[in-house]
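Notes to accompany the following structure.
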Ligand SMILES: [Zn+2]
Ligand SMILES: [Zn+2]
Ligand SMILES: [Zn+2]
Ligand SMILES: [Zn+2]
């Protein structure tokens, strides 16, 4: 019998598949793509047709040679990259480079890497699908045209090395528009009233909801204090008890976007980290004596479809392990969004009966967390709904109405396995209607409405999915590209557009309105989907795009204003009074005088919450006198070491050589140590604060310490930090204690 060759992308997949098959198969990995467009030139013909020229990716020659050599000696070649357009393209390129040696290719694909799925695929191979490949090529060429044509324009007009991307620019626009909404946001004052009520030994807290039968709205201090006086004279009465049974349904199993969102919310994983962990789980993980086993189905999908066999296994597991009341009589069905390509299944455990605990010992922490999340979500999706018993006390005090709500789980259903945000049971005391309460305390707080929140990775993925921009295969890359290009930064889980990102976005919106249009981009995604199912010709789609793109490109080349000369601000130069300009330098944006080169004044700046530019004040210039020299009696001044740390020195230097460390006066938190924390800097110029008893005591922190006890863990110091999202704040330096508070 002739030997056959199976080609996959990754060595992990090779290991997983190997043990299913006998000696008749050789399995090799292509290590991802082997061919792509060249990096040094456009690589696409422009005109009536947009035809790509592919080259072997530098460094991949060895792999190609090896595959060619083996191909010449085998019977069939089964191309088995991932089951999507990208995988089809990898298969196509492999076929192209080995067809001279052997052209008996067959394409096989599997949604889960199990023995059954692999054997079934080998028994039902198909030929390569040109439609899927063309859809991938069209995306590649669109992105290439946008990147290669617009980037040089940005180099000329803004800064060298910048680049523009097709879908990323639209995602950036979402971030920028949100930031501008925040700038123009006007906070509204409102007051919140809570009442602590008591009846014999029972205590409860109620929220003010209505005044004179209208939604309670207290907008200033005068109204608040009037209401306070009014309430002091009222009797609080339990006016009505309302009881409701609420059903809570499980969520459908994961698709790419929901998995990325949930892993970001729960574990703070970035979308790309989630995808790379999921890829490992899909390709196979070493489970000791069980060998290498694939744990989840393919992770790039927008379908919630479930294979009937997997559903059957899940239902049996639920009945056997949890009891039949946790398994609905009829299997749950979920509806996939109509725009989705239903080629795949939901992301689910390959073997629903393999619990996370059984394999915990073999998995690195990240893989375990993600498998557990996927497993729980899938099992829960096949379980019965939960029944929550809600009790609401409607309490009246004169013309005001108050509410307090209790929740009790009557039947946990799927919550037994998967409870996002864990429902807190909260029982109300057993009281009857008409009960009178004593008002123990009124809790009155002044509040302000908050501006719309910045996007997190989770909410941006959700938004992109809603708008139809990006696809399961692209969400993660879009976000990581925005961060890598410094168009946005990630702080405290928030995606914040940078000064550069905002300026580039404005320029692109002005000159490429179509390209930056959400609907246009969403329509383009649909066109690519249509190419994949043969409803649209890929060259046709590219031609239509070009008809729009080239004229706008030409106009932009002529008309785009240059930011190299800076953008004017309201700030006046402190030296000559001319307006200052925002310019982009190697180390980010800065302010420079518009009277350059006559005036060379520059300054750093930041933006306020309203988006106004303000200067960051440079350190005080004249030397600070901080005491008398113990050696000679002359003033001691503060100085800066070459590496940046402050220290104290006698002003009579070099006659007197007295020096001392710059002390924060904060006692060292190490038990039994009588040192103080003093400022130091590393050889590379990073400042830190270390114990003055060094080397006897090795305590040190990176941030400026203050002698304030952590209210959470009791550690004796906190440190000062600053971030764009939080402003200035104090944080506990103890690892794992996440305590922080704002500096007012
Ligand atoms: Zn000036
Ligand atoms: Zn001195
Ligand atoms: Zn110490
Ligand atoms: Zn702490």
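Each Cβ is built from the backbone N, Cα and C atoms, and glycine gets one as well.
Note that the coordinates shown come from a computational prediction; the quantities given were computed from them, not determined experimentally.
Which of 151-156, 157-162, 163-168, 169-174 counts as region 'Interaction with DNA' depends on TrEMBL, and there it is 163-168. With respect to their backbone Cα atoms, residue 33 (site 'Interaction with DNA') and residue 300 (site 'Interaction with DNA') stand 17 Å from each other. In terms of local Cβ density within 10 Å, 300 ranks first among the recorded sites 33, 300, 485. Rounded to a whole value, the Cα-Cα separation of residue 485 (site 'Interaction with DNA') and residue 139 (site 'Interaction with DNA') is 21 Å. For the recorded sites shown (139, 140), fewest C-beta neighbours within 10 angstroms: 140. Just so you know, the Cβ of residue 155 (site 'Interaction with DNA') picks up 14 other Cβ atoms within 10 Å once every protein chain is counted. Using Cα positions, the member of the recorded positions 148, 155, 298, 300 nearest to residue 140 (site 'Interaction with DNA') is identified as 148. Of all the recorded positions listed here (148, 298), the one with the fewest other CB atoms within 10 A of its own CB is 148. For the pair residue 148 (site 'Interaction with DNA') and residue 298 (active site, O-(5'-phospho-DNA)-tyrosine intermediate), the Cα-Cα distance reads 32 Å.
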